[in-house]
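**Q** This is the structure, below, for whatever I ask next.
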Amino acid sequence: MTDDVTNVEQPSTASEQQPQDVPAAEPSAAKKRRANKAKSKATAAAIEQRLGHSFADPSLLTTAFTHVSALKSARRTDSYQRLEFLGDHVLGLIVSDMLYRAFPDADEGELSKRLADLVRKETCADVARSLDLVEGIKLGTVGAGAGAKLRKSVLGDICEAVIGAIYLDGGYEAASDFVRRNWTERMRKPARSLRDPKTVLQEWAQARGLPTPVYREVERTGPHHDPQFRVAVILPGLEPAEGLGGSKRAAEKVAASAMLAREGVGTGGNDG
């Protein structure tokens, strides 16, 4: 008699089971990058709202906030420095136009003093703080370690770079709107509170161990009854700055104001 053998299917071992499709966990580095990207986008949107300008080219805004210390490469042109250069001159033009229209009775000496005070680094830094632009500054360990976020020079640079970025993105009118919104009240500062630019420049030079500034007449043009003087102010280690005026003294003041503005020194108080 043959024994009946019952074929019973044995359960498969774990090694024989087919793996189920389980979503792979996102790598922590990728999650961090995605979170940082979302945060940067939100920060940029908030800054645009405070600036009153929506960028068609967001890369301009990013560059305007990038300190050279944040760059991994040696390409300094990827930092805000080029935009700062442009913004400095755009700001000077717009503020000069504002002053010319607002003070029709002021001579070139007074206008120059006001201009130097309004475009100095400290004023730009004050605008940057009022708009909370420090939030978007991108710094490397070098800058952050030195507290660069809070340094007046960095904030002033950022403000000028933002003006340059707005100018490139939206043109002169967009840049002018931004400057007028943020400089009109500052422009109304009483002129008597502004110090003589030649005195300020001399004190600034002496504080840095430099000799007394030298003023040299470069040229004299125009008729005898209405001459125009071009004067250069010279300090060792610095590029000369020039000024025009109806008298040598007026031209010297303009030249001193030009050097002060370039070096980020104002005439409204004590600058370090």
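Glycine is no exception: its Cβ is also placed from the backbone N, Cα and C atoms.
Straight out of Swiss-Prot:
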type     : residues              : note
REGION   : 1-38                  : region 'Disordered'
DOMAIN   : 44-171                : domain 'RNase III'
BINDING  : Glu84, Asp157, Glu160 : Mg(2+) binding site
ACT_SITE : Asp88                 : active site
ACT_SITE : Glu160                : active site
**Q** Look at each of the recorded positions, Asp88, Asp157, and point out the one with the fewest other Cβ atoms around it within 10 Å.
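**A** It is Asp88 that, of the recorded positions Asp88, Asp157, has the fewest other Cβ atoms within 10 Å.
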**Q** Between the Cα atoms of Glu160 (Mg(2+) binding site) and Asp88 (active site), find the distance and write it as a whole number of Å.
**A** 5
**Q** Say we define neighbours as other CB atoms within 10 Å of the CB. Which of the binding-site residues Glu84, Glu160 has the fewest?
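**A** Comparing Cβ neighbour counts within 10 Å for the binding-site residues Glu84, Glu160 gives Glu84.
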**Q** Fill in the CA-CA distance, Asp88 (active site) to Asp157 (Mg(2+) binding site), as an integer in Å.
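**A** Pair distance, Cα basis, whole Å: 9 Å.
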**Q** Summarise the model's confidence over the domain 'RNase III' (44-171) as a mean pLDDT value.
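**A** Over the domain 'RNase III' (44-171), the predicted model scores a mean pLDDT of 87.
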**Q** Where does Glu84 (Mg(2+) binding site) sit in the DSSP three-state scheme?
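**A** Where Glu84 (Mg(2+) binding site) sits, the three-state DSSP reduction gives helix.
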**Q** Within 8 Å of the centroid of the Cβ atoms of Glu84, Asp157, Glu160, which other residues of that chain place their own Cβ, given that this set defines the recorded Mg(2+) site?
**A** Tyr80, Gln81, Leu83, Phe85, Gly87, Asp88, Cys124, Gly156, Ile158, Cys159, Ala161, Gly164
**Q** From the DSSP assignment alone, can you count helix, strand and coil residues within the domain 'RNase III' (44-171)?
**A** 97 helix, 2 strand, 29 coil
